[in-house]
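Participant: Sharing a structure below in structure tokens format, with a few things to ask.
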């Protein structure tokens, strides 16, 4: 049997300690083929723990204390649900600016993006006119959602407290724009709308394309 040797790589595993989840690594055993075996029973191994980073803290003010704060429906979700602060009825094709009863202070270097809820879109055709809406870090007013009913026939009624949108918080870079005479080459070049397929593959006779 080939002799076993200590692996040079580390194998992650997760454990719970003192009520907080952290990630640890142990030095496994190389089985000689590149696979990693767990350490033999009874042998002590060195562990290096790294606490899971705390979520980013975002200060909020509930302008309507009777409404719930933003919340994630499931662990790992990207968007936190926002609710309507008022009742609203949208006729087919109609739009309305709906308050959420929420104000927040995003840290510098972050942005809040307001996305439609897929359930409302699928069942009722409700979306957001300027999707995604943008909440800048310096904005301190009430977050409002510009909803639109895209269903061609049916109106939709939303009640106060209904979940109407999702807030996604992301890092964002503020860049320095540098004016140049010529842009560097790229594989795509100047190809714009439709240049990667679809209708661009079928020249329009109305435009006189050759």
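Heads up, the Cβ atoms here are built off N, Cα and C, so glycines get one too.
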Participant: According to TrEMBL, which listed range is region 'Disordered': 165-187, 188-210?
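Facilitator: When 165-187, 188-210 are checked in TrEMBL, region 'Disordered' belongs to 188-210.
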Participant: Please work out the number of neighbouring Cβ atoms within 10 Å of the Cβ of residue 135 (substrate binding site), leaving out its own Cβ.
Facilitator: 22
Participant: Within 10 Å of each Cβ, count the other Cβ atoms and name the one among the binding-site residues 117, 130, 134, 136 with the highest count.
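Facilitator: Output for this query is 117.
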Participant: According to DSSP, which of helix, strand or coil covers residue 130 (substrate binding site)?
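Facilitator: Residue 130 (substrate binding site) sits in coil per DSSP, no helix or strand.
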Participant: Does DSSP give residue 135 (substrate binding site) helix, strand or coil?
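Facilitator: DSSP call for residue 135 (substrate binding site): strand.
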Participant: Are there residues of the same chain, six or more positions away from residue 119 (substrate binding site), whose CB falls under 8 angstroms from its CB, and which are they?
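Facilitator: The answer is none.
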Participant: Measure the Cβ-based neighbour count of residue 118 (substrate binding site), defined as the other Cβ atoms within 10 Å of its Cβ.
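Facilitator: Step by step: centre on the Cβ of residue 118 (substrate binding site), count other Cβ atoms within 10 Å, giving 10.
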